[in-house]
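Worksheet for the structure shown next.
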Amino acid sequence: MRRPHRSRVKGATTMKRILLAASLMLAGSLALAENQLGGIRPVTPLDEESEARQIPNVVNSDVRQVRNYPDQPPVIPHKIDNYQLDLNANKCLTCHSRTAVEVSQAPMISVTHFMDREGQTLASVSPRRYFCTQCHVVQHDVEPVVVNGFVDVDRVLDFMRGKKEGGQ
Amino acid sequence: MLNFLKRLWFIIRQPATHYSLGFLTMGGFIMGIIFWGGFNTALEVTNTEAFCTSCHEMRDNVYQELKPTIHYTNRSGVRATCPDCHVPHDWTDKIARKMQASKEVWGKIFGTINTREKFLEKRLELAQHEWARLEANDSLECRNCHSAESMDVTRQSKRAAEAHERFLFTGERTCINCHKGIAHHLPDMSQQAFVEPLTPTTGQIARGPVRLAEIEAYLQSARP
């Protein structure tokens, strides 16, 4: 009496599971088709070879860019192709070192770059600040692949002030 | 000695007794072609990249460094080979450089830079020779292709245009002053300046501990 009943229930749950799995897969594939998992991830299936994207141009305007927050390392507004930056030579300092700025009229590296980790100012660039491209990077002329929700602190302050004035 | 020269002069002045005039002139002409042609061909052969890179000293060090630079690979496919920059194009200067190159043959035979380590140790000196040569001839080998007259600064980046207007067109600096290390890696530049500051700084960077008295003495001497 019990046995057939049990097996009937079991059969029903299996059926339900299959249906659930199928609907999930369908929903998943729909979401995939809708989203295309864009951004930096390539859309081509793994077993196919995608077409190489065009290498974007480096911004070479020589116009200094705004910093998004005070201690942001400034971005490099020019090309740095084949700039040698190793133990032997630092091409960046050809123009940006303290003694070179008179000739180059380039911005001098910040005074913080002369400080060691204890805050002692040294006579020349501190070794921990020597490799410029650890923090400073060039920009490419492209649309951002991921939407950036960053809000400048000044805008936050404006918002706060507006709220205060509105409240009073 | 004088007698020997006299005898030689006497022989030369004698008319040929066995050979015809035609044989002598035609023979001289043909031998001239062979010798001059051979000399010129040898000169041309030694003036190719294939010849330079047939030695591992060049092939494994400087040639590999040249490859990713714009003088080897670029959008238009025009490129410079070793002799374009390192051998003068004018005949007299070329022969002078070729004679200097006998030092390089010596170096090759005795293995002056036959290992990577030896090369790295010597590369500052070697680079300085080239910089000195290019500074002395106003960067002639650069200017064989890059002419200041044909340089359109409006097509350059702002930075490059300003630098060329300030230093190149005024003749204040020559190409190599700023464009060091564009085709090969730079040696240890810690004792070197890429571009000399307009107001020259005196003194070398002190290595190792320096006594306070020494510094004081130096400051005294530096005072006007």
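Any Cβ shown, glycine's included, is placed from N, Cα and C.
TrEMBL: automatically predicted annotations, no manual curation.
With B:CYS85, B:HIS86 listed by TrEMBL as binding heme 2, the candidate from B:HIS164, B:HIS184 annotated for that site turns out to be B:HIS184. The heme 1 site recorded in TrEMBL includes B:CYS52, B:CYS55, B:MET58, and the single candidate from B:GLU104, B:GLU117 that the record places there is B:GLU104. Residues near B:CYS175 (heme 4 binding site) in space but far in sequence (CB under 8 A, at least 6 apart, same chain), listed by position: B:LEU134, B:SER139, B:CYS142, B:ARG143, B:HIS146, B:LEU168. Whole-number maximum of the Cα to Cα distances across the heme 1-binding residues B:CYS52, B:CYS55, B:MET58, B:GLU104: 11 angstrom. Inclusion criterion for the binding-site residues B:HIS86, B:CYS145, B:HIS179, B:HIS184: a C-alpha placed within 10 angstroms of the C-alpha of B:CYS55 (heme 1 binding site); this criterion is met by none of them. Fewest Cβ neighbours within 10 Å among the binding-site residues B:CYS85, B:CYS145, B:CYS178: that distinction goes to B:CYS145.
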